[in-house]
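The structure under discussion appears below in the form of structure tokens.
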Amino acid sequence: MENPLVTKKLRKTKARNLIISILSQDKDKAFSVEELHEACGEELQIDLSTVYRTMHTLAESNFVTKSIHPDGKAYFQIASQQGTEHHHRIVCSKCRASADIAVCPLHDLEDQILSETGFTMTSHSIELTGLCPACKAEEEEKQHTIGHP
């Protein structure tokens, strides 16, 4: 994966390099700004506002995707490497692991939606939430344990 600081001609800073490194270590996980700030603190003291600005810049450069989860927080994750910006994800509501969705469920509905609303669509994104297989198994184990003392 190419460094967006090089490909997007962004200024290279220690903070940006460190944040990209943290995100790259777990590409299937979405991080909150606070989690990134805490992870950075282990190696480099960075202001929380710097992390916010960095994530905004990386989102604008399409290196990361930003999503708002049911807890109301924004989470960031390295963007899909499918070679296209148009993709959708399913995200675990417990551990925030995610997977890309290969099909676009809106594709067949686009014309109807645009016709009914009069809008011109410029983009869309879909994020489904649920439990990943590991968290689902953990929940089922808890239910089994509770049901059978």
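Cβ coordinates are placed from backbone N, Cα and C, and glycine is handled just like the others.
Automatic, uncurated: that is what TrEMBL annotation is.
Here TrEMBL flags His86, His124 as Fe cation binding site. Sequence annotations record features per position, and here TrEMBL assigns Zn(2+) binding site to Cys92, Cys95, Cys132, Cys135.
Locations of recorded TrEMBL features on the structure.
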| residue | record | Cβ contacts under 8 Å, 6 or more apart |
| --- | --- | --- |
| Cys92 | Zn(2+) binding site | Ser98, Thr129, Gly130, Leu131, Cys132, Cys135 |
| Cys95 | Zn(2+) binding site | Lys29, Cys132, Ala134, Cys135 |
| His124 | Fe cation binding site | Leu106 |
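Around Cys135 (Zn(2+) binding site), taking its Cβ as the centre, 16 other Cβ atoms fall within 10 Å, counting all chains.
Within 8 Å of the centroid defined by the CB atoms of Cys92, Cys95, Cys132, Cys135, the record's Zn(2+) site, lie the Cβ atoms of Ser93, Lys94, Arg96, Ala97, Leu131, Pro133, Ala134, Lys136, excluding the listed residues themselves.
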